[in-house]
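> Got a structure here, written out as structure tokens. Questions coming.
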Amino acid sequence: MDLLKPLTVERKGVKIKGYWDSQADITCVPKDLLQGEEPVRQQNVTTIHGTQEGDVYYVNLKIDGRRINTEVIGTTLDYAIITPGDVPWILKKPLELTIKLDLEEQQGTLLNNSILSKKGKEELKQLFEKYSALWQSWENQVGHRRIRPHKIATGTVKPTPQKQYHINPKAKPDIQIVINDLLKQGVLIQKESTMNTPVYPVPKPNGRWRMVLDYRAVNKVTPLIAVQNQHSYGILGSLFKGRYKTTIDLSNGFWAHPIVPEDYWITAFTWQGKQYCWTVLPQGFLNSPGLFTGDVVDLLQGIPNVEVYVDDVYISHDSEKEHLEYLDILFNRLKEAGYIISLKKSNIANSIVDFLGFQITNEGRGLTDTFKEKLENITAPTTLKQLQSILGLLNFARNFIPDFTELIAPLYALIPKSTKNYVPWQIEHSTTLETLITKLNGAEYLQGRKGDKTLIMKVNASYTTGYIRYYNEGEKKPISYVSIVFSKTELKFTELEKLLTTVHKGLLKALDLSMGQNIHVYSPIVSMQNIQKTPQTAKKALASRWLSWLSYLEDPRIRFFYDPQMPALKDLPAVDTGKDNKKHPSNFQHIFYTDGSAITSPTKEGHLNAGMGIVYFINKDGNLQKQQEWSISLGNHTAQFAEIAAFEFALKKCLPLGGNILVVTDSNYVAKAYNEELDVWASNGFVNNRKKPLKHISKWKSVADLKRLRPDVVVTHEPGHQKLDSSPHAYGNNLADQLATQASFKVHMTKNPKLDIEQIKAIQACQNNERLPVGYPKQYTYELQNNKCMVLRKDGWREIPPSRERYKLIKEAHNISHAGREAVLLKIQENYWWPKMKKDISSFLSTCNVCKMVNPLNLKPISPQAIVHPTKPFDKFYMDYIGPLPPSEGYVHVLVVVDAATGFTWLYPTKAQTSKATIKVLNHLTGLAIPKVLHSDQGSAFTSEEFAQWAKERNIQLEFSTPYHPQSSGKVERKNSEIKKLLTKLLVGRPLKWYNLISSVQLALNNTHVVSTKYTPHQLMFGIDCNLPFANKDTLDWTREEELALLQEIRESLQHPVQPPTCSGWSPYVGQLVQERVYRPSQLRPKWRKPTKVLEILNPRTVIIVDHLGQRKSVSIDNLKPTAHQHNGTRTCDDPEGMDGMECSQTTTETSVDSS
């Protein structure tokens, strides 16, 4: 019956009667009480007379003496209708949620832990009883802040709805409890929305789950408000540390702030098939912390010694009475505002409290016991996420250790080497972690910044690190420690420049800490004024750095002092990170020592002669026994190449070995690259910062593959040329050095020519007019010149290489552009000749798996009708676009321009297929020559009015091909096909970064022999050969590996157009090698799988093969092509990889040096 009693509603001194209405959605008051008020919005209002739009006002009312702020609408009635939400005290039914909290136990714990006197504890107990409605009594209980609702959907672009993540089944019961409790309190409502945000459950330390929503999509389109939280470091530095300290946690503070109903939609999320919206500020929303903190700060203004950081409140006083009085004021304001307090997370009237993750005492701030427990529970990480979590935890306490940065550097160096589920954690990393934990557990308290005192900054530097300490003037305890590890550039600085670098970085932070006070800098520099007289020859840093350093001398806020108590730079001890690079050979079963050497050739050319030496030891019962040694000559290469080659050789020998293995090299570059840089190089595609291929790229790729096969091999660096008693590795290192030096002299020690028997017979038969061996034509002359077998043919003298070296020559010529048989033959015939060259080349081409995967069906095509071509260069250009390709460096198209007479090709990557891009490219190209005719298809890039005007100004005739008839532009269309094949084979097994390969593709296209003319496009265009490296005539080995490194990767055969793969002009047979078509291959990926044998023939059109997954599969021959270069269905060699017969017959011998 109490609900039927009228209520007293007061507005601006006018009192009227009001009645509680359980069905009212909004409070209604007479319009006379709203005179002079401006409406905040409009809303549809439903009454017995229908639905109509009305103005909504936000006003202050008193209902039964209680002041409230609420939204109302005006009516013609002379009394007020009040919604239940505005008078929650009318319904005396207590709040009931899922999990009840024990307030008596929490209050008792706070009373027992406080340092209050007996009287003070009684007063605190009375405060607990007085503000009983202020304490959180249920888990997920929410306050109700009566303020104007926030407008949060302030962006101009609607966010994109997001899909829901997979939910851990263990989290669903806890999340459901939270949603049910919030629905009871009106914090959530069930409502459909065009937006959706995924729910992301996060585990709590107690084993339960917290409901978190991923509002990144909403935050991306929401403007950031200007009011933001103060940085926690600034708050910690300005805390008043009285005897009595209290920290208060405002429970679910964001959920106490209402938002306007028209913004509910942007907060929506889906749970168990139903969509819910927040009626309050959601957690995770961009502007929630700023809006909430700003309200709490305004609410607590006037209370001394109070600091607020989001939902954490700190208050401290020296007097017990004063502290309790201000707690009473603080509790009253929070209760009247509608907040609730979590006593479980609060600490009242104590001498030591935890605030913002630190322990606050009268001495200063320190690390909490909870943080130290987390340190003790750290274990070696096995995933990248665990490593990052450990680094984040340690980095929180970085200001408590003077040399923190240099100690943690080895752990940060693991990040680029780690993968999602692998971290290369070693013993030295565990030692580093233990050192950090020990120092953090023993770290002293740091003092807070006192704004009435001058800031003292003390700096010093070692060879690798700069050290900084901040103090309040006259105090002994530091405010903070900072350490700076010098970069690679800064390590080259002089001692003075390293100190100035440390001063510069320290002052950047000191200006924030100074609080308007002066800064005094103490350093080992005797006179800062004298550094202006530093001569240019004594400077290693750039002039811009010196300018910024000297600018501090003019700043009136900063004064510099010499501190004679600081140790001189040269006397600082070396940094000990606990890392021992020495690996004793007795701890390993197999030990390899590698070295490389190079000497200058005594010949007129002055080439380098390189050699490598490798020694292999076995550990038997603690005694090292030399097992084998190698001394191998490498020809015209650098010493660095020899070091890498020797290292690669040792890794290959490690593959079949069992047990732990140690490889020792005297090259710091090789050891550091293998241990620290190789994984980063592999992830970047073996290019440097300028996107250029690394030196010796082919060797490093091989080493990376070997490391993946044997990641357990330990590699260490040992300086060379040491005395035998100075290191356990000295003997093996010196022996490897002797073998490498010996190998570098081998080229000139060998005097007898290494000829085959048939070559010797041919020379002798020619001299004695006897019968020549089979395959050697009698019309030619055969002689021995410079230890080489030479033949005089119609086109001049040619070398006949030994049979064991012919495979290398064919492989080298083919790998330049993976050309076909005729093109390879022409390339080799420039310098060499031997019997049955075509047969040997065909045998080799049949072994190239990459060509088999990309080349079309190799059947003889029908000859097309001859096309009349121009006879002079630059008369006519064909042009067309390739693309869109996968994005690379922002480019998605390639403009191909082909000279009609010579076939010379220009490739220009573009970001768009437009006339502007075309004109830009042709302006560059016409700087060489202006063509008479430009032939293209009828694409918009070539038919626009702008392009036609450009051509008219240069007197260029435009010629277009017939629509839907690409044969009209056959020359450029064929080039397009060749370019795509080149890029496809080049990118096999590599990321689709084709932009940096365009220049190499163009070089390969223009320097591949055309069978019809027997010349390359470059020769036809310019009349001379391109400066393209081919073979080392002295050692039959590559002489310019860096230039060939990328060309060697181009895997494409520039064949003539052939019939489509669906051509049925072949019949399968059992045992035949065939290749299956790839279903819908992506751009720049192979179109055919690797060769496999035909197992059974079901009918003339269907066969059974073993597919790439190892399963038997029936396939139509329309989806197959016969593998090229087969003879009666068998390979030329039994090697499963299809190795050439010459290679199979060749026996590889290793030079074993007698240990005596």
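Cβ coordinates come from backbone N, Cα and C, glycine included.
Sharing the record's features from Swiss-Prot:
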ACT_SITE  Asp21  active site, for protease activity
BINDING   Asp249, Asp311, Asp312  Mg(2+) 1 binding site
BINDING   Asp595, Glu643, Asp666, Asp737  Mg(2+) 2 binding site
BINDING   Asp875, Asp937  Mg(2+) 3 binding site
COMPBIAS  1144-1156  compositional bias 'Polar residues'
DOMAIN    1-140  domain 'Peptidase A9'
DOMAIN    183-360  domain 'Reverse transcriptase'
DOMAIN    586-745  domain 'RNase H type-1'
DOMAIN    869-1025  domain 'Integrase catalytic'
REGION    1121-1156  region 'Disordered'
> Which one, 1-140, 183-360, 586-745, has the most C-beta pairs under 8 Å toward the domain 'Integrase catalytic' (869-1025)?
586-745
> Can you tell me which of the binding-site residues Asp311, Asp312, Asp595, Glu643, Asp737 is spatially closest to Asp875 (Mg(2+) 3 binding site)? Compare CA atoms only.
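The answer is Glu643.
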> For each of Asp249, Asp312, Glu643, Asp666, Asp737, count the other CB atoms within 10 A of its CB; which of these binding-site residues has the top count?
Glu643
> Can you count the other CB atoms that lie within 10 A of the CB of Asp937 (Mg(2+) 3 binding site)?
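Neighbour count, Cβ to Cβ under the 10 Å cut-off: 22.
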> Where does Glu643 (Mg(2+) 2 binding site) sit in the DSSP three-state scheme?
helix
> I need the CA-to-CA distance for Glu643 (Mg(2+) 2 binding site) versus Asp937 (Mg(2+) 3 binding site), whole Å please.
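So the Cα of Asp937 (Mg(2+) 3 binding site) lies 54 Å away from that of Glu643 (Mg(2+) 2 binding site).
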> Give the residue from the recorded positions Asp21, Asp311, Asp595, Asp875 that has the most other Cβ atoms within 10 Å of its Cβ, counting over every protein chain displayed.
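Of the recorded positions Asp21, Asp311, Asp595, Asp875, the highest Cβ count within 10 Å belongs to Asp595.
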> An 8 Å radius from the center of the Asp595, Glu643, Asp666, Asp737 Cβ atoms defines the neighbourhood of the Mg(2+) 2 site; name the other residues of that chain inside it, in order.
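Output for this site, in sequence order: Thr594, Gly596, Ser597, Gly613, Ala646, Thr665, Ser667, Gly720, Asn733, Ala736, Ala740.
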> Whole-number Å only: compute the distance from the Cα of Asp311 (Mg(2+) 1 binding site) to the Cα of Asp21 (active site, for protease activity).
35
> Sorry to bug you, but what's the C-alpha spacing from Asp249 (Mg(2+) 1 binding site) to Asp595 (Mg(2+) 2 binding site), rounded to the closest Å?
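Their Cα atoms are separated by 66 Å.
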> Cα of Asp21 (active site, for protease activity) to Cα of Asp666 (Mg(2+) 2 binding site): how many Å, rounded?
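Cα of Asp21 (active site, for protease activity) to Cα of Asp666 (Mg(2+) 2 binding site) measures 90 Å after rounding.
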> DSSP on the domain 'Peptidase A9' (1-140): how many residues come out helix, how many strand, how many coil?
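Across the domain 'Peptidase A9' (1-140), the residues distribute as 37 helix, 53 strand, 50 coil.
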> Can you tell me which of the binding-site residues Asp249, Asp312, Asp666, Asp737 is spatially closest to Asp937 (Mg(2+) 3 binding site)? Compare CA atoms only.
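Result: the closest of the binding-site residues to Asp937 (Mg(2+) 3 binding site) is Asp666.
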